Amino acid sequence: MADGIIKEKREALGEVLNGDRLVSAPYKLNFRDEKDSAVACRKKLSEQDVAQFRSAVEKDFYFQMYYDDLPIWGFIGKVDKEGKTHPNEYKYFLYKHIQFDILYNKDRVIEISARMDPHSLVDLTEDKEVDVEFMYSVKWKETDTPFEKRMEKYSLSSSLPHHLEIHWFSIINSCVTVLLLTGFLATILMRVLKNDFVKYAQDEEAADDQEETGWKYIHGDVFRFPKYKSLFAAALGSGSQLFTLTVFIFMLALVGVFYPYNRGALFTALVVIYALTSGIAGYTAASFYCQLEGTNWVRNLLLTGCLFCGPLFLTFCFLNTVAIAYNATAALPFGTIVVIVLIWTLVTSPLLVLGGIAGKNSKAEFQAPCRTTKYPREIPPLPWYRSAIPQMAMAGFLPFSAIYIELYYIFASVWGHRIYTIYSILFIVFIILLIVTAFITVALTYFQLAAEDHEWWWRSFLCGGSTGAFIYAYCLYYYYARSDMSGFMQTSFFFGYMACICYGFFLMLGTVGFRASLLFVRHIYRSIKCE
């Protein structure tokens, strides 16, 4: 820039959260005004500038501009390695001439692309001052593509035929897994339960002096409320809220709100919907807590409010500090932080409290089909694979295998430069994930009760949510094997935010697992006569 004035664009909340800080470029592209080698600016590059540009070219930096909301990319330079063996002999060049090709239809811009002129280069190999004249040319051509279809070019890149085949293959693979699993579990449980019911019915008619075994005989303990009930209710509340949030986001995505380059729409939607759904968390947590005969519902509400937001806020503070230290655009400006805090205090918290009061006053009772005995029954000694950790590993593996292939594409679009547009497939995968989680948790709960271990409340929640831990393990694999991230900032951002997302998944799927188990346990104990 000759005059050195940079105009910043005002940005929406989502764009700021996304880390976009756009400034206006020095190129004048007026409609149907062709230019040939017009000068953008003349500049004397100091030795420092040359060294900076050289390191940028070496790391394959590229620029991204927007013209009429259409994105344009291009590399800023190239490294000449031809016939050279040693990195010290490489030559570094900076492009100084951009050629814009713009297609228009009547009075609308349809497509724009930027090419770098390979012949006008600046040599950056040595540290010495250079005078550079940056130039640009503009060519306008007519096209028949209608304005409505101009975004299709960008969304096609992720749904190319070979990608789609992989997606459909992964879905069919997941569906087969799910059908086999659900069929297998359903038949086992139906047959086993049928046998159990028959056996228990005969037992009642037979002599009563036999030793009691199996899940029927812990009916006096199954509905004994779990330890740490406040935390349990809070986890269910947060999980229900995150589940609602996910469903709403999917609805918006399927309607087509998040088209490519609608920069930051996803972030805006996440913040707004999370704030608006906090009433659900308050209601679920408080009503369940009161069903578990809890007394201190105010503390329970505070816990519910902080259970997901707390870790998220701490992670954010740490990562924002890192970003400020590195002078990165990922650091949120003070104004944006104030806006988010205001949303939290003026929308999220009041809704949470209102939901909590409504939940407390709902006076719902925990309808247990069996009376709970006064003293807990002793749990018989169990083999090691029936303890919590091995069970979680078993529970998390199948749901994770159902979403594994789709995860790669999502990671590539969130942490890479791929664009993700196939929301319908993602939605199918999400539904498969929920079904598998519910079924596997129910199966494990049944085996646990059959072994006369009646502490199934927390276990079912942990088993449902264990997929979150698997996703985090996949993050480690992705970071080392698939991505070329490096440096403290990228590493901390990746692992910090992924930890929050996986924690959210843990709460959401844990809720799904527990709800499924609760339905199941109620159903089987309702079917037998309890003394």
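Glycine is treated like the rest: Cβ placed from N, Cα and C.
Copied over from TrEMBL:
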TRANSMEM  166-189  transmembrane segment
TRANSMEM  231-259  transmembrane segment
TRANSMEM  265-289  transmembrane segment
TRANSMEM  301-326  transmembrane segment
TRANSMEM  332-354  transmembrane segment
TRANSMEM  392-411  transmembrane segment
TRANSMEM  423-449  transmembrane segment
TRANSMEM  461-481  transmembrane segment
TRANSMEM  493-521  transmembrane segment
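Beyond the transmembrane segment (493-521), the same-chain residues lying 6 or more positions past its ends with a Cβ under 8 Å from any Cβ of the stretch are 222, 235-236, 238-240, 242-243, 246, 307-308, 311-312, 315, 318-319, 322-323, 330, 395, 399, 415, 433-434, 437-439, 441-442, 445-446, 449, 456-457, 460-469, 471-472, 475, 479, 483, 485. Pairs of Cβ atoms less than 8 Å apart link the transmembrane segment (332-354) most often to 265-289, out of 166-189, 265-289, 392-411, 423-449, 461-481.
Sequence-remote contacts of a segment are chain residues at least 6 beyond its ends whose Cβ falls under 8 Å from one of its Cβ atoms, and for the transmembrane segment (461-481) they are 232, 235-236, 388, 391-397, 399-400, 403-404, 407-408, 411, 415, 433, 437-438, 440-441, 444-445, 491, 494-495, 498-499, 501-514, 516-517.
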